[in-house]
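Engineer: Below you'll find the structure I mean.
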Amino acid sequence: MEVHEDNATLQHAQGNASMPMMPGFESPLLSRQPWYWIVRSVIALVTIFGNGFVIYLISARQVLREQASPNWFVMSMALADFCVGAINFPLNMLYAFTPHESERELHWVILGFFMNIFLDASVTNLSLLTLDRYLAVVHPFKYENFMNPSKALLFIVLAWGVTIILEIPYLVLDVQNASDEAYFVNLIIYMAIFAFLPSFFMIYSYARILCIARRHKKKIRKEKKQIASNNPSRKRMAQSGNKNGALVTVGTIVGIFLLCNSAMQYHLTCFISPYCEITSTSFYVFLLLRYLNSTPNFVIYAFMKKDFRRELRKSIRRALR
């Protein structure tokens, strides 16, 4: 679920019939608070350079490009996150520091539509990558026979297509200056699709992955102990395989996503509850966490992969020659 970039949409999300706009609330989209924009600038720069480098590395290295799964999914998610930093941030700042005749000027409504697509696409591509890893671990034999470059490309197109389709209703509501009730209904649908479902799906998927990984780890440890007892010279090799970096990677992925998504779920729930208060400061933090979620993905999904690390070292060595 994205935080809609258009300020009028935020006002509708917060100020429907059962929930008036809170006095003194200042939307971060219109705020000129220096600390907020400094933090946003740092997040945007890291997002741009990190995800941009992942896109370059996959595009430039044939060995990475040939691995449609999961590298194409990684690049698709990196593209969405790159756009969040490179497009959403400067447009947000321009919107905040320039005067407006109306909060619903058509060009800002259209730009907000595309900015929301990038935020949504980050979530759908993250879910797609999770689904890919889930199938690869839980159903490895079926996955090998099923997944190929054409199907990977089809899934990527579907992820972006679903994002665009689900964002169109908000565009129509903004253009038509719709009622608060219409925004309320659409917000409920968006909460289910982009906030709650991804959280449940990722928790379930990675719980299954962890269980299977632990099972495989015990099996491998048992086999290596047998090898080491039969061949003492290979004891060191058996001991070296005890660490499982995948468990750390999975824990990091789930932790970061749930941290950012739980804050989003709380604030979106406050939008539709007459008994919940949202302060200006908490909404600043909410938006910063939302954008921060696009920053570390390239580290988690890319640089923790052995093939990426290998190609990264090659790129550094070539650059230093």
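Cβ atoms here come from the backbone N, Cα and C positions, even for glycine.
Where the annotation comes from TrEMBL, it is an automatic prediction and has not been curated.
Straight out of TrEMBL:
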- 50-301: domain 'G-protein coupled receptors family 1 profile' (DOMAIN)
- 35-58: transmembrane segment (TRANSMEM)
- 70-89: transmembrane segment (TRANSMEM)
- 109-131: transmembrane segment (TRANSMEM)
- 152-172: transmembrane segment (TRANSMEM)
- 184-207: transmembrane segment (TRANSMEM)
- 244-264: transmembrane segment (TRANSMEM)
- 284-304: transmembrane segment (TRANSMEM)
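Looking at the shown structure, what environment does each listed feature sit in?
Structural biologist: Across all of the domain 'G-protein coupled receptors family 1 profile' (50-301), the predicted model scores a mean pLDDT of 82.
For the transmembrane segment (70-89), same-chain residues at least 6 beyond its ends with a Cβ under 8 Å from one of its own Cβ atoms are 5, 40-41, 43-48, 51-52, 54-55, 58-59, 64, 114-115, 118-119, 121-122, 125-126, 128-129, 132-133, 136, 149, 152-153, 155-156, 159-160, 291, 294-295, 297-298, 301-302, 307.
Long-range contacts of the transmembrane segment (109-131) within the same chain, counting only residues at least 6 positions beyond its ends with a Cβ under 8 Å from a Cβ of the stretch, are 1-6, 9, 70, 73-74, 76-77, 80-81, 83-84, 87-88, 91-92, 155-156, 159-160, 162-164, 166-167, 170-171, 174-175, 194, 198, 201-202, 205-206, 257, 290, 293-294, 297, 301.
Residues of the same chain lying 6 or more positions beyond the ends of the transmembrane segment (184-207) and with a Cβ under 8 Å from any Cβ of it are 1-2, 12-13, 16, 120, 123, 126-127, 130-131, 133-134, 166, 169-170, 173, 250, 253-254, 257-258, 261-262, 264-265, 268-269, 271-272.
Residues 2-3, 28, 31, 33, 36, 39-40, 43-44, 46-47, 50-51, 53-54, 57, 70, 74, 77-78, 80-81, 84-85, 88-89, 119, 122, 126, 129, 245, 249, 252-253, 256-257, 259-261, 263-264, 266-267, 312 of the same chain, all 6+ positions outside the transmembrane segment (284-304), place their C-beta atoms under 8 angstroms from a C-beta of that stretch.
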